[in-house]
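For reference, the structure is listed below as structure tokens.
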Amino acid sequence: MSKILIRGAKVLGGEPQDVLIDGEVIEAVGTGLSAEGAEVVEAAGKVLLPGLVDLHTHLREPGREDSETVLTGTRAAASGGYTAVFAMANTFPVADTAGVVEQVYRLGQEHGYCDVQPIGAVTVGLEGRKLAELGAMHESAAGVTVFSDDGKCVDDAVIMRRALEYVKAFGGVVAQHAQEPRLTEGAQMNEGIVSAELGLGGWPAVAEESIIARDVLLAEHVGSRVHICHLSTAGSVEIVRWAKSRGIAVTAEVTPHHLLLTDELVRTYNPVYKVNPPLRTERDVHALREALADGTIDIVATDHAPHPHEDKDCEWAAAAMGMVGLETALSVVQETMVDTGLLDWAGVADRMSVKPAQIGQATGHGRPVSAGEPANLTLVDTEYRGQVDPAGFASRSRNTPYQGRELPGRVTHTWLRGKATLVDGKLT
Amino acid sequence: MQRHLISAADLTRDDAVLILDTAEEMARVADRPIKKLPTLRGRTIVNLFFEDSTRTRISFEAAEKRLSADVINFTAKGSSVSKGESLKDTAQTLEAMGVDAVVIRHGASGAPYRLANSGWIDAAVINAGDGTHQHPTQALLDAFTMRRRLIGRDAGLGQDLSGKRITIVGDVLHSRVARSNVDLLHTLGAEVTLVAPPTLVPVGVGTWPCEVSYDLDSVLPKSDAVMMLRVQRERMNAAFFPTEREYSRRYGLDGERMAKMPGHAIVMHPGPMVRGMEITAEVADSDRCTVVEQVANGVSIRMAVLYLLLGGNEPAVTNARTNEEK
Ligand SMILES: [Zn+2]
């Protein structure tokens, strides 16, 4: 592989520097580096970040290839600046055995757009009753370290306790989709002022908060770490803040859409805004932004959830829950966190690359942009503003809530171990 | 007036009064030997019912036929509604048939809104009840009934319900009737109080333009109309209240409670009534109870709505009368 010189990029938003890639690694970072023998990428004015890492992606393969495949999903990831994604286990069949996680892992390797790290199910069939063979998935070629029944909550306190304890043997972590099932039967949207008017079944904040409260206490009791998926309420922020102050090993993620959108949008009854957990209120949005800024929430994770057109082109109650997010995540974070002054680009690198790589133990990702490190890099034109056009998505699905919305920032280049997966906004 | 009637909240005070006044004109037609107007001749209206409701469908059908519209009944109950595509597919089928209006009843809140706003169909959409969201023609017929009884048939023309105190009792949480009535009665200047066990009042009710009380007896003496909502027995299985008997004791309307209401006050019910649950037979059959009138008024209101949405600018009755007499 030849050399690449990224010239004059603002590394983590700092002073312009040159970054020289040789093969799979960063050879040098500095000013006035020689371009001899290297392909030059002019990056003046652009921001260079470590390749983004998504701890929460639904790639849908195996089983729902009509909405996404490992290939289309990893192309979407590369397009959004990601070099590693964690693929959720709610596939058909469920990723609850070594066989399924190895299949997904190998597909990611073959396609080469983005590292795919499968997440293993906590319980067999995501049914919440019997632990899946967590050790076997860890020991498989996929080397699973993150376990989640995402889409379903591990609501049985004993099963959750055992899972938290069990994965300590190999340094794993359980990622909880916090949703008390009885409190959310028939839930269609956030329970509050808007649901009362629209007559849609309410998904109360307490259904999330009560599970998080229980799980941080369980984690403390058994001395395990726990990760909270897509935290969505101001109350959840308070609980996680309290848990961290007590020294409990909890980490938490927030999705881009929960940083930007509110349940007021549901007044359109357009299912493109139907997502789980649901869009919350303005007050929640502000609490989430502040928590991401002060580190109470550790990371941004997309919960990229592709669905075919027909699953959204219907009445609200019949529609599937979820939004695609890989190709708009960084723009939404720029809009909500950077352009508002809450986070600088080094902070973005931390929340979207360094920390998610640490939580998921994604080796070689989320590393400093410095000599000797793997060349997993993302170059962003932060001056760009434009309307989101789903027709241009690499994802197989188009269920974005941002269609036609103007957002800042555009990923122009992505390198996975020195190999360009995205050049001038085009996939290789 | 807007092109569609999706929510009672979409109506201005003037829209609503116009509908009530037009309904009075329509009601006079019902008193004539020939109950038919040629107003919507040549227009096609589909009654698209995804949910069983013979009462509402018959009421719309009678209204449509009295306006001489061509009527198609499409009952989609039992088809794969849960899959979702059926609403869109059905809409496109109807569009291809060139229908002018769709009267839709659907179990999912927001389905009429989607039908009107998704580009699936060009016809006017009239919400005949969607999930636990809205039932605007029910609210209109209720307001019509109140205006007639509390102000008077002729005295009421051009009037709203300013200062009238309306109490709505029962399962507010699951009630599209309650939501529509709160919106419309507020627009018409009435003061609304909701009475229910706290479990059957939605979280978020605090922003509604009404009062909420848990004590029926304290509200009754200050009510000009008391509207009893249907309470399904099955709700007690989900712990909304302990037993049927306890519900009736605390929130049901019996003769003794009715006596606490002012002499002029009326008892209303959108039907079907669960006698012995929210209302005793004694109250249901008393002459203060307007249930039967509400049914008759429903036809007049639906004629008025269809006429105003589809009939254009020509006057309905005067013009029609001349035509008829020709
Ligand atoms: Zn989830």
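Note: Cβ is positioned from N, Cα and C throughout, glycine not excepted.
For the substrate site that TrEMBL gives as A:H58, A:L59, A:R60, A:N90, A:N276, the extra residue drawn from A:H307, A:H309 is A:H307.
Binding of Zn(2+) 2 is attributed by TrEMBL to A:H177, A:H230, and the same site annotation extends, among A:D150, A:D263, A:D284, to A:D150.
Among the candidates A:D303, A:D311, A:D313, the residue that TrEMBL names alongside A:H56, A:H58, A:D150 for the Zn(2+) 1 site is A:D303. Among the binding-site residues listed (A:H56, A:H58, A:R60, A:H177), A:H177 have a CB atom closer than 6 Å to some atom of ligand 1, in sequence order. Distances between the Cα of A:D150 (Zn(2+) 1 binding site) and those of the recorded positions A:N90, A:H230, A:N276, A:D303, A:H307 are shortest for A:N90. The binding-site residues listed here are A:N90, A:H177; among them, A:H177 has the most other Cβ atoms within 10 Å of its own Cβ. Summary: among the recorded positions (A:D150, A:D303), the fewest other C-beta atoms within 10 A of the C-beta are counted at A:D150. Apart from A:H56, A:H58, A:D150, A:D303, the Zn(2+) 1 site neighbourhood in this chain, defined by C-beta within 8 angstroms of the site C-beta centre, holds A:T57, A:M88, A:G151, A:C229, A:H230, A:A301, A:T302, A:H304, A:A305. Around A:H56 (Zn(2+) 1 binding site), the C-beta neighbours below 8 angstroms that are at least 6 residues distant in the chain are A:F86, A:M88, A:D150, A:A175, A:C229, A:H230, A:E253, A:T255, A:A301, A:T302, A:D303, A:H304. Sequence-distant contacts (6 or more apart, same chain, Cβ under 8 Å) of A:L59 (substrate binding site) comprise A:E68, A:T69, A:V70, A:G73, A:T74, A:V85, A:A87, A:M88, A:T91, A:V104, A:V116.
Model confidence over the domain 'Dihydroorotase catalytic' (A:45-233) stands at 97, taken as the mean pLDDT rounded to a whole number.
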